[in-house]
Amino acid sequence: MQELVSPINLFEYEQLAKSHLSQMAFDYYSSGAWDEITLKDNRAAFTRIKLRPKMLVDVSEINLTTKVLGEPLQLPLLIAPMAFQCLAHPDGEIATASAAVSAGVGMVLSTLSTKSLEEVATVDNGLQWFQLYIHKDRGLTRALVERAYTAGYKAICLTVDAPVLGKRERDQRNEFTLPPGLHPANLTKISGLDIPHEKGESGLLTYFAQQINPALTWKDLEWLQSLSPLPLVLKGILRGDDAVRAVEYGAQGIVVSNHGGRQLDGAIASIDALPEIIAAVDGRAEVLLDGGIRRGIDILKALAIGAKAVLIGRPVLWGLAVSGQAGVSHLISLLKDELTTAMALSGCANLQDIDSTLVIHN
Ligand code: FNR
Ligand code: LAC
């Protein structure tokens with residue numbers, strides 16, 4: 001097949017990225033848990049939502065700027081936390097953060113980044129949040145939060161949908177581990193923790209089983225909040241009652257997410273979970289969404305249902321694999337263009353004009 005020289009949409013980036021990645025890396029990035037039902041449904045659910053555009057509106061100027069937890073963004077977009085970005089490109093999370101800062105979008109850095117949180121913070125403080133995995137070792141967890149605060153991260157984004165790692169069978173088959181020279185940089189230096197090579201199993205799954213605290217409950221949020229003054233965002237909420245509890249426990253943000261279909265297969269598509277959560281939260285926290293965002297119209301639909309902004313995951317890894325920072329920048333500009341066009345065609349000049357009357361489920 002002829003190589004796509006310059007991808008014109010996010011799907012073409014994925015196609016092109018395949019040839020830049022090892023099978024182990026591509027499988028780790030792309031896969032979902034078990035039968036990948038939720039992974040596919042995250043996309044399919046968007047196609048079930050139809051738009052009801054408004055006509056004869058002046059859309060000569062489209063304004064995409066917004067604020068998330070008080071920080072300005074050039075468009076309602078953040079880059080989702082994703083582990084091990086140096087598998088895609090030697091610059092890894094530094095390239096991603098640089099692209100995010102220059103486009104004026106947010107970025108959430110994974111606990112399991114392959115560049116340290118301090119290095120990534122030097123790229124400067126756009127809207128950078130630190131994604132936390134609470135380890136069994138409380139001292140280690142405390143140190144991570146304190147380091148994130150000292151380095152200037154603006155929020156702690158606690159992932160709550162991974163008490164154990166979901167079963168990604170391609171990773172099991174590949175005996176996923178990191179190649180020589182790559183490490184979870186935030187952990188290796190201070191505690192020597194690394195991703196093992198495990199016969200017949202994903203090394204990441206083993207890492208989770210050994211290191212991540214599966215006994216975490218709502219009560220632990222008080223302890224977490226005592227570690228720093230940073231606002232708390234909970235990532236991985238899929239029910240209205242959990243969203244209400246998140247607010248009661250002081251979360252300022254909620255990311256409606258099923259971890260890109262990588263945790264509980266069969267879980268509801270994130271966009272299908274959004275209406276219940278928007279109703280339950282009732283404006284008391286900012287609600288974001290990730291999972292299956294690939295087009296500007298997907299962002300439009302999420303905003304119409306009530307999300308403040310969305311996060312994109314895998315496409316960023318495809319951009320990184322194809323051409324590092326430039327690839328991520330280009331990919332963000334494609335989405336921005338698509339959102340601009342989608343808003344113009346829907347009769348929305350500002351994000352505030354995007355309301356629930358714009359969508360219908362069928
Ligand atoms: C993830 N995700 C994730 N989430 C998290 O909280 N901490 C993490 O370290 C990771 N790591 C990670 C690695 C890879 C390779 C992927 C693809 C995803 C989940 C991520 O933040 C997000 O929820 C989904 O990727 C969003 O779905 P899409 O945009 O990939 O469909
Ligand atoms: C993943 C973990 C690291 O989804 O969140 O691979």
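Heads up, the Cβ atoms here are built off N, Cα and C, so glycines get one too.
Copied from TrEMBL, the annotated features are:
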type     : residues                                                        : note
DOMAIN   : 2-362                                                           : domain 'FMN hydroxy acid dehydrogenase'
BINDING  : Tyr28, Tyr133, Arg168, His259, Arg262                           : glyoxylate binding site
BINDING  : 81-83, Ser110, Gln131, Thr159, Lys235, Ser257, 290-294, 313-314 : FMN binding site
ACT_SITE : His259                                                          : active site, proton acceptor
Among Tyr28, Tyr133, Arg168, His259, Arg262, which are recorded as binding-site residues, the nearest neighbour of Lys235 (FMN binding site) by Cα:
His259
Kindly point out which of the binding-site residues Ala83, Gln131, Tyr133, Lys235, Arg294, Arg314 have a C-beta less than 6 Å from some atom of ligand 2.
Ala83
Are any of the binding-site residues Pro81, Tyr133, Asp290 near ligand 1, with a Cβ under 6 Å from it, and if so which?
Pro81, Asp290
Just to be sure I understand: of Pro81, Ala83, Gln131, Gly292, Arg294, Arg314, which binding-site residues have a C-alpha no more than 10 angstroms from the C-alpha of Arg262 (glyoxylate binding site)?
none
To the nearest whole angstrom, what is the C-alpha distance linking Asp290 (FMN binding site) and Tyr133 (glyoxylate binding site)?
18
Could you tell me the maximum Cα-Cα distance in Å between the residues recorded as binding glyoxylate, namely Tyr28, Tyr133, Arg168, His259, Arg262, rounded to a whole number?
19
Once near-sequence residues are set aside, which residues in the chain of Arg168 (glyoxylate binding site), 6 or more away, have Cβ atoms under 8 Å from its Cβ?
Asp27, Tyr28, Ser31, Gly32, Ala33, Ser202, Leu205, Arg262
Please work out the number of neighbouring Cβ atoms within 10 Å of the Cβ of Gly292 (FMN binding site), leaving out its own Cβ.
28
Can you tell me how far the Cα of Gly292 (FMN binding site) sits from the Cα of His259 (glyoxylate binding site), in Å?
10
Measuring Cα to Cα, how many angstrom lie between Tyr133 (glyoxylate binding site) and Arg294 (FMN binding site)?
26
Between Arg294 (FMN binding site) and His259 (glyoxylate binding site), how far is it from one CA atom to the other, in Å?
15
Around the C-beta of Lys235 (FMN binding site), how many further C-beta atoms are within 10 angstroms, looking at every protein chain?
26
Find, for the listed binding-site residues His259, Arg262, Arg314, the residue with the lowest Cβ contact count at a 10 Å cut-off, counting only other Cβ atoms.
Arg314
